[in-house]
Each structure stands twice: as C-alpha cells, then as structure tokens.
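Okay, handing you the structure first.
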Amino acid sequence: MPPPRRAALGLLPLLLLLLLPPAPEAANKPTPCQRCRGLVDKFNQGMVDTAKKNFGGGNTAWEEKTLSKYEFSEIRLLEILEGLCEGSDFECNQMLEAQEEHLEAWWLQLKNEYPDLFEWFCVKTLKVCCLPGTYGPDCLECQGGSQRPCSGNGHCSGDGSRQGDGSCRCHVGYQGPLCADCMDGYFSSLRNETHSFCTACDESCKTCLGPTNRDCGECEVGWVLEEGACVDVDECVAETPPCSAAQFCKNVNGSYTCEDVDECSLAEKACVRKNENCYNTPGSYVCVCPDGFEETEDACVPPAEADVTEESATQPPVHEDL
C-alpha cells in the first residue's frame with residue numbers, strides 16, 4: 001500500500017509544526033491592552049509635539065487667536081495621526097485604521113468631557129484595559145483596594161488589564177494575602193491602618209523583632225545565642241575539625257569553607273630530594289624529577305655531560321603540571 005504511506009508521511013511535517021513551542025516573537029506579542037496603551041502614549045506625545053507649532057514671536061494677540069483655532073483643528077489632528085505609526089509597524093497601522101473614527105470623535109467632540117484619552121479609549125470604549133488597581137473582564141478592585149493594591153508591597157495579578165485574578169504577588173520580605181505580613185528574616189518596622197513596612201533582620205537572625213543581633217527571636221544556622229545575642233559559631237576551632245588534614249578551615253559569616261592546603265608553598269619543603277619538583281594536587285601533592293633527570297633515593301640526578309645537548313644546556317627544563 002505505497003500511496004497511503006506517502007500520504008501519512010506528508011502529514012508528518014504539519015504535525016511537527018503543531019507540536020513545536022511558539023516562537024519567541026509570538027510569546028512576546030503585545031496584548032490588546034498594551035497595543036492600545038502604546039497608541040495612546042504616541043497620541044499624547046503627538047499633542048505635545050504639535051503644541052503651539054509654528055508660533056513664537058510677533059503679534060501675540062494674533063497668535064493667540066490663531067492658535068486657539070489650531071489647537072482643536074482637524075489639521076492638528078491629522079498631523080498627530082500621521083506621526084503615530086512607523087510605516088513598518090503593521091499592528092500599529094492596522095489598529096489606527098480600525099479606530100481612527102473613535103480618535104477623531106474624541107478629538108472633535110469628547111475631549112473636554114473626557115480629558116483622559118486612555119480611560120475613554122482603552123477602558124470605556126474598546127474595553128481592552130482597566131484602570132490602575134483593577135483587573136479582569138469586569139475591572140474589579142485588586143486585593144487591598146484600587147488605591148493601594150497589595151498594601152503597596154506587591155503586584156496585583158492582572159492590574160490594569162482585563163486579565164489576571166487580582167491576587168497579590170508579594171515583594172521580597174512580605175507575605176500574606178495582602179502582603180502586609182513580614183517573612184522570616186524581616187521585622188515590622190512600621191505598621192498602621194494604611195501602611196506596612198518590613199525591614200531585614202541582622203544576618204545572625206532567622207526571626208527577629210528589631211535590627212540588631214540582640215533582637216533575634218531565633219538564631220540563623222551557624223550562629224548561637226550567647227548572653228542575649230546571636231554570635232557566629234567558629235566551626236574551625238571545634239573539637240572535631242570539619243575539614244581534613246590536607247585542608248585548612250576558613251570561617252566566614254556564620255559558615256565555613258574547607259580550602260586545599262598547597263603543600264608545595266609551605267616554608268618546610270614537602271619534596272626533599274635534590275632537584276625535585278613539587279606539584280600541588282587536591283588534598284595532597286606529588287614529587288617528580290624534571291624531564292631527563294634520573295631518579296635515585298636521595299636526588300634527581302642530571303643526565304651525563306656527554307648526553308646533554310647544547311639546547312638542554314642553555315635552556316631550563318620544561319615542566320608540565322600534573
């Protein structure tokens with residue numbers, strides 16, 4: 001049955017394309033709200049750029065009269081619209097073409113009644129955005145209210161968009177449904193009916209009621225409570241050393257590290273035979289005679305004079321690290 005097999009193989013590339021993850025540009029594609037906000041931002045910038053255009057100096061009374069006509073004119077509107085989108089920005093031009101009548105209506109008839117173009121255009125007319133502090137299809141208030149969502153200590157899911165669920169994602173140091181509580185490692189430095197601030201504990205504290213090592217409720221790992229304060233435990237002086245004999249212990253802020261001892265750099269030579277080279281290795285070292293030297297029990301013996309070439313006599317031997 002060759003024909004059916006060829007048909008199945010022909011569908012394989014299509015199936016693979018459907019299973020592939022979306023391209024990065026598709027994943028980063030702006031939302032309808034972002035596109036609307038971007039268009040409004042450019043429109044507002046166009047209003048700034050065209051304010052009092054071609055005026056300055058001369059007959060002030062004439063300019064004010066003429067400027068008043070230009071300020072709300074269709075000529076100024078066209079100048080703003082022409083500068084909104086780059087020629088290559090397909091989505092911007094597509095949105096502008098679809099919504100140009102709305103923008104014209106706002107400019108000529110509704111600007112005084114609704115001075116905030118974003119609220120009128122994106123929130124109330126197109127209904128692709130919400131006002132700050134609200135979220136979702138019905139623009140409900142975020143957790144904690146629209147004025148200070150998440151107590152000002154977090155981000156409201158969907159804030160300002162028609163998406164999300166209004167829940168709080170707390171900033172570092174805060175927790176709780178309204179981000180009003182402090183995480184372990186932080187203490188409440190200010191709290192009243194409207195504000196809550198959390199400040200980091202001293203590094204020695206796992207929990208605390210204040211900023212110093214004497215305010216700890218519980219000491220952090222590597223610290224111990226002594227005379228009312230959490231102090232650093234020096235594991236390196238413990239009865240049972242945490243590092244091996246070939247390592248030295250280094251205490252650093254409540255913790256320790258075991259670093260390799262370079263026996264080859266010690267004052268007392270590790271390799272004692274004459275002419276012997278010392279090479280450090282993790283946790284140990286090795287003693288090796290230079291290339292061409294003969295190894296004996298007491299020394300590394302140079303080659304016989306007759307076997308020494310002119311090059312080896314004038315250049316030091318080359319050593320390779322192990």
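The backbone N, Cα and C atoms fix where each Cβ goes, and this holds for glycine too.
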Taking 143-162, 203-222, 303-322 as the choices, which stretch does TrEMBL tie to region 'Disordered'?
303-322
Looking at TrEMBL, which one of C170, C198 makes a disulfide with C179?
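Out of the candidates C170, C198, the one TrEMBL links to C179 is C170.
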From the DSSP assignment alone, can you count helix, strand and coil residues within the domain 'EGF-like' (260-301)?
3 helix, 17 strand, 22 coil
Long-range neighbours only, meaning 6 or more apart in sequence with Cβ under 8 Å: which ones does C179 (disulfide bond) have?
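Expected: G144, C150, S151, N153, G154, C168, C170, H171, S196.
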For a three-state summary based on DSSP, what are the helix, strand and coil counts in the domain 'EGF-like' (138-180)?
4 helix, 11 strand, 28 coil
